Amino acid sequence: MKHSYFISDLHLSETQPELTALFVDFMQNLAPQAERLYILGDLFDFWIGDDEQSTLIQQVKDLIKSVSEQGVQCYFQHGNRDFLIGERFAKDTGVQLFPDYQLITLYDKKILLCHGDTLCIDDVAYQQFRRRVHQKWLQRLFLCLPLKVRLKIAEKIRAKSNQDKQAKTQEIMDINQAFTTEKVQEFGVNLLIHGHTHREAIHQQAGFTRIVLGDWRKNYASILKIDESGEFGFIKD
């Protein structure tokens, strides 16, 4: 039966080879069987520019390109860790880049996709930071810096982010229900899929279904499957 996959929040890095191994297995064995593959952000733990080269980056690019060349339509939506992924990455892999909110039609069903961080409006400090780093002039300036400098800046930002999380409640870092409902109504859908919060779940809410993609861990890959009959669910071992 025809089907598509949705993944997010893999946070791939050279310090966690077990996550890369899970991704390799998925891309070599499951992904080629799908019609479409949607990656909803934070594929990488951080991204400092399309010009960065590493063994991991090349491996991931090659895997996505291979799946794309096998006829799978691949899509990428930026996360809060890899929002600097650009057109060069898209060209190298064959993915189509999505904006922050993307409306798709899959098997006659309208679905709203987003990474999920834009729904967490109660985290005021993060939203202020997000607005700053998404300014195009600042991004252009950052990308003009030497790679080593960019890497140091990214490491400092990541460390501060991890520190700040310790002082925030789970409620603040979760989506705002009222705002999320407004977004769903704005786009006129009854199915929303997002990641970011790392809380894999399928929520039946008033008037719509909200599917939250989980983060990938040492022994678990969070993979959502939707087939042409309209059935959906997370793949379990």
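In case you wondered, yes, glycine gets a Cβ from its N, Cα and C as well.
Keep in mind that this is a model prediction, so the values were computed, not measured.
In the three-state DSSP reading, Asp9 (Mn(2+) 1 binding site) counts as coil. Around the Cβ of Asp9 (Mn(2+) 1 binding site), 27 further Cβ atoms fall within 10 Å across all displayed protein chains. Residues annotated as Mn(2+) 1 binding site in Swiss-Prot, with sequence analysis given as evidence: Asp9, His11, Asp42, His198.
Around His115 (Mn(2+) 2 binding site), taking its Cβ as the centre, 26 other Cβ atoms fall within 10 Å, counting all chains. The feature Mn(2+) 2 binding site is assigned by Swiss-Prot to Asp42, Asn80, His115, His196.
Of all Cβ atoms in the protein chains displayed, 21 besides its own lie within 10 Å of the Cβ of Asp123 (substrate binding site). Per Swiss-Prot, the feature substrate binding site maps to Asn80, Arg81, Asp123, Ser161, Lys165, Lys168, His196.
Across the structure, His196 (Mn(2+) 2 binding site) and Asp9 (Mn(2+) 1 binding site) place their CA atoms 6 angstrom apart. Per the record's binding annotation for substrate, residues Asn80, Arg81, Asp123, Ser161, Lys165, Lys168, His196 show a top Cα-Cα distance of 19 Å. When the binding-site residues Asp123, Ser161, Lys165, Lys168 are screened for a C-alpha within 10 angstroms of the C-alpha of Asp9 (Mn(2+) 1 binding site), no residue qualifies.
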